[in-house]
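Colleague: First, the structure itself, so that you have it in front of you.
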Amino acid sequence: MQKLMDYFFKRKLKVPRPISNDISVRVKNLYAVYDEKQENQLVALNNISYDFKKNKIYFIIGNSGSGKSTLVTHFNGLMISRYGFVQVGDIVSGDHFDFERQLLGVIDSYDKKIINLLWRNQLDQWTFLVLFSNEVNIQQARILFEANFKQKPISLKFIKTKNNHELITNPYVRENTKIAVVRVDKNVILEINDKMNYEELQRFEFIKKEIKTNYHLSKKIKRFKELRRRVGFVFQFPEYQLFKDTIEKDIMFGPVNLGVKKSEAKKRAKFYLNKLGLGDDYLERSPFGLSGGQKRRVAIAGILAIQNDILVFDEPTAGLDPAGEHEMMQIILDAKANNKTVFVITHTMEHVLEVADEVIVMDEGEIIKTGTPYEIFFDQHIINSTSIQVPRVIAVINELIKKDLKYEILKQKQPRTIEELADAIIEFKKGEK
């Protein structure tokens, strides 16, 4: 009986995976796949791994459709991936489905010995032969092919290598692998380097690495409310977060739902509404009669009232006038000053330069570069390969440098606003005299 009591009442919570105290959000081998079981599946996130540090302002930028919103919606469990995971403290959202080294290589289908084997198996019409671990199924093989080669397969099926002694002579490799025959669109030119010829295929050494999975445990997060308490999400459209008959009730909803007493939630509603520039008289008003900017403030007050450690803003300045944009940037800076970690998705590069501690650039579901605003905006390859437009400050510095290399010194000063740039130029001119 005592053992039974110990089991139910004395079990200690274990941290699923150790994580450093300075890490706010850990993303590990994260894939996001839409319509996974369909042939037209979309790999929206492709094997993303990154450790986001605490008490920093991250701006996530990139072309539309690059995976920015998909990434951040995993942070508080709005989306949960079957492949890879997000960790916030001791809470893991997602599945440790280890895709690493499951796509083992591409076989050279133009090798003479391979051609003969293909012909015997009536597979000469297929475009690519890809060697996979036995651990993956067809859907996962399609995901890995698209993720690695940026091309959707039109069709994919497996050759069973177990009984095909000619194709793979090593019995251990034959037992633990399978070959997919993959066809892509005939109009697509897909060049894959480092293909294995027949001899290399026979010399291939396979190290079995099982896929670890806990999806059946983690798809329903037992500590889901705790995750929402830690990570607050401000949507692009505030209407998503306003649905009560009074502003006070809307702001109170999050805290009360997460276990805060009503009396405390009422205090927080008043405090954060005032903090965002709206008086007590707004508390009993309907949120539906507010302007767009006022709705945004109420929605943010509702998130701040939860007192999260992490805040995510999706296009926070969309539809705001310049004064509203300035207020929003100040809210973000205030959040950092209160020891919060902030993530901002935006297409407004002026705000990135003014406020960001670190910039994350995404493209085709991958993080392609990280760095300070100056490291990003002076990377010509990034600017040319994306739709990112440099802020006015950077554009002016570029023009000055074209006219005279002495203005390179402005890059060291790193002004973030037009006013700071003007001050830096005046200071530089004084130094020349």
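From the backbone N, Cα and C atoms, a Cβ is placed for every residue, glycine too.
The structure displayed is predicted, hence computed values, not measured ones.
Found this in Swiss-Prot, in case it helps:
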- 25-389: domain 'ABC transporter' (DOMAIN)
- Gly62, Asn63, Ser64, Gly65, Ser66, Gly67, Lys68, Ser69: ATP binding site (BINDING)
Colleague: Can you tell me the mean pLDDT for the domain 'ABC transporter' (25-389)?
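Modeller: Mean per-residue confidence for the domain 'ABC transporter' (25-389): 87 out of 100.
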Colleague: Report the member of Asn63, Ser64 (the binding-site residues) whose C-beta atom has the most other C-beta atoms within 10 angstroms.
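Modeller: That would be Asn63, with the most Cβ atoms nearby.
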Colleague: Which one of the binding-site residues (Ser66, Ser69) has its C-beta surrounded by the most other C-beta atoms within 10 angstroms?
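Modeller: The residue with the most neighbouring Cβ atoms within 10 Å is Ser66.
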Colleague: For the recorded ATP site, whose residues are Gly62, Asn63, Ser64, Gly65, Ser66, Gly67, Lys68, Ser69, find every other residue on that chain with a C-beta no more than 8 angstroms from the centre of their C-beta atoms, and list them by sequence position.
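Modeller: Everything else in range on the chain: Thr70, Met362, Asp363.
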Colleague: Validating a neighbour-count step here. Other CB atoms within 10 A of the CB of Gly67 (ATP binding site): how many?
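Modeller: For Gly67 (ATP binding site), the 10 Å Cβ neighbour count is 23.
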Colleague: Since the record lists Gly62, Gly65 as binding-site residues, which of them has the fewest other Cβ atoms within 10 Å of its Cβ?
Modeller: Gly65
Colleague: Over all shown protein chains, what is the count of other CB atoms within 10 A of the CB belonging to Lys68 (ATP binding site)?
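Modeller: Other Cβ atoms found within 10 Å: 24.
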